[in-house]
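Presented below is the structure to which this report refers.
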Protein chains: 2
Amino acid sequence: MRRVHNFSAGPAALPEPVLRQAAEEMLDWHGSGMSVMEMSHRGKHFMAIAEEAETLLRELLAVPANYKILFMQGGAIAENAIVPMNMLRGHAGADYVDTGEWSRRSIAEARRYGQVNVVASNAEGGSVAIPARDSWKLDPNAAYVHICTNETIGGVQYHWTPDVGSVPLVADMSSDILSRPIDVSRYGLIYAGAQKNIGPSGLTIVIVREDLLGGALPCTPTAFDYQVVAEHGSMYNTPPTYAIYIAGLVFNWLKARGGLAAMAEHNRVKAALLYDFLDSTSFYSSPIARDCRSWMNVPFRLHDSALDAAFLKGADERGLVQLKGHRIVGGMRASIYNAMPIEGVQALVAYMKEFEAAHG
Amino acid sequence: MRRVHNFSAGPAALPEPVLRQAAEEMLDWHGSGMSVMEMSHRGKHFMAIAEEAETLLRELLAVPANYKILFMQGGAIAENAIVPMNMLRGHAGADYVDTGEWSRRSIAEARRYGQVNVVASNAEGGSVAIPARDSWKLDPNAAYVHICTNETIGGVQYHWTPDVGSVPLVADMSSDILSRPIDVSRYGLIYAGAQKNIGPSGLTIVIVREDLLGGALPCTPTAFDYQVVAEHGSMYNTPPTYAIYIAGLVFNWLKARGGLAAMAEHNRVKAALLYDFLDSTSFYSSPIARDCRSWMNVPFRLHDSALDAAFLKGADERGLVQLKGHRIVGGMRASIYNAMPIEGVQALVAYMKEFEAAHG
């Protein structure tokens, strides 16, 4: 068996112990005589699995009792519609902060359901950064304020939680949920596709304050009405059972590793290792403002893009895979989510030094 | 390791060779150094997996070239909204045939998007049957005619394909797709949740005639607009990659078993074994009209429901699990999808005889 260091932006690397356990339990989960994939979602075995997953997630993120956790489908791209459908609640529109490609996709989709006020944007100008809070032109009557806490493509991340007063803060945390502790009570709603820090694609996590449930637009498919999903314990439609099981194994792994405080330190150290190296050489560079560099997705460039193909080929030969940058920004991107061990980043930096020595 | 005979209605039993292969490949798919769960959906490995799954499905069902196959999310319950959102295409409404609980859920959801004309129903009257075609009061201006080819709860199944003229026939085939050959060209659209005959829950298959794409209602979430999904090769949002991989393994297993003609014979024989036994005794009974008894889901009753609990307990002890009927109809239900071997049905009938001898 061979295992690579997988820098994919998502679906992304999973903890190896999780995969080992999943393989071992594939044909017979805990003596049930069934794979988790084969279990009725309403049977006692799967009900226990789903309940444990929710309990662990609640514990890891310290989710307050007045928040519901929903297991849904469709990923963040479906949520771009499902959020305004559920969250406009009679308001004319919502405020969105534009910090990159994922924000802009959320904005474009939300415009189909209500007025969208882009209160701040980093689309213009040179450096790639998060617009400072005092530049945001918020509407006190907005249904909510939407942010993307980590831009997977651009590589910018909020390292602070915006104060938006009494208007609910809605966050797409697809690519940094569970990477560090957060104060859930500062948010009205958090959503995240699973395929970065949680588990397999096809599962979406929604964490929503109870008083925000209800009043979805009449055209909302019932399966995507947060209130209905909450009332049915995420079993209004058949949930993605195997993805929930894997997510539960990941949550267990996170807990055993010391929870999100330990994970934040792990991620801070990995990111610092890579950014410090990028700053130490002119052969490579990071285009991101220092105070909002992502701990999860590190885009970087070679000083000469003619070397890109050779760089990727050499990396691949060393088992350092999926480093090609997103087509929108080009260059390279190292995604170093929770499951990426420090050894993976060390191996990447060692290779980058080696490549620089050979081509510098 | 223990394996039971799992009569769950869904998520349901999967072929054991599929589970074995999935376990073996969990940490390293074909020397890639990655689990399928960890692969970028746009990388060469997963693209090959998705392409093979689609090719096999197209081959198994003999899908004509002018039909698109879409891999979506949300299951049939989400499709209950997504179908009218996409398929009304400027028409005022659609025709629905009511053959049971799943039809009625489709009808209730479709009413939120347009006029629904229930053209025939088995909700009234004694026997549980499919209304004869000549009783259907079709509207020639309907956007489509909707049927559910197999009612998982009621246990009725179409053993014929309705002729509805030039109006597109739309079928929920969640619980009998791939159980026998069908003539796809008779349908405008077929949809199916994966969790019975295809693979894990969280994956929905849509097969749609190309000329029906386009013109979705303005409120349709872009991720659920069939035309957008088709144009992006089911990758507008991140697809449920692991579920697609497992589905591909199931398709391979079906092909190796001789395809759908062989599968139909396998299912016919299993169903006949169980129904013939039910008809041979007054201790058990089937409430379903003979010409529309489902090959997939066999509801049956004990002559004395006071014995139900003892029956289920004894079954469980013999590794015959998930036989309890749906709460709406009570009694028992044996779901005997493709992956249920003949030995499972033989074991069930042997136990039923044994139980009758002890309590008759």
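Yeah, the Cβs are placed from backbone N, Cα and C, and that goes for glycine too.
Pyridoxal 5'-phosphate binding, as stated in TrEMBL, involves B:Thr152, B:Asp172, B:Gln195, B:Asn237, B:Thr238; the candidate among B:Trp29, B:Trp102, B:Trp295 given for that site is B:Trp102.
Mean pLDDT of the predicted structure over the domain 'Aminotransferase class V' (B:5-348): 97.
Listed in sequence order, the residues of the same chain lying 6 or more apart from B:Lys196 (N6-(pyridoxal phosphate)lysine) and placing their CB within less than 8 Å of its CB are B:Ala9, B:Gly10, B:Pro11, B:Ala12, B:Thr152, B:Ser174, B:Ser175, B:Asp176, B:Ile177, B:Met296, B:Ser335, B:Tyr337. Taken over all pairs of the listed pyridoxal 5'-phosphate-binding residues (B:Trp102, B:Thr152, B:Asp172, B:Gln195, B:Asn237, B:Thr238), the Cα spread reaches a maximum of 30 Å, rounded to the nearest whole number. Comparing Cβ neighbour counts within 10 Å across the binding-site residues B:Asn237, B:Thr238, the minimum falls on B:Thr238. The two recorded residues B:Arg42 (L-glutamate binding site) and B:Asp172 (pyridoxal 5'-phosphate binding site) have their Cα atoms spaced 30 Å from each other. When other Cβ atoms within 10 Å of the Cβ of B:Trp102 (pyridoxal 5'-phosphate binding site) are tallied across all protein chains shown, the result is 22.
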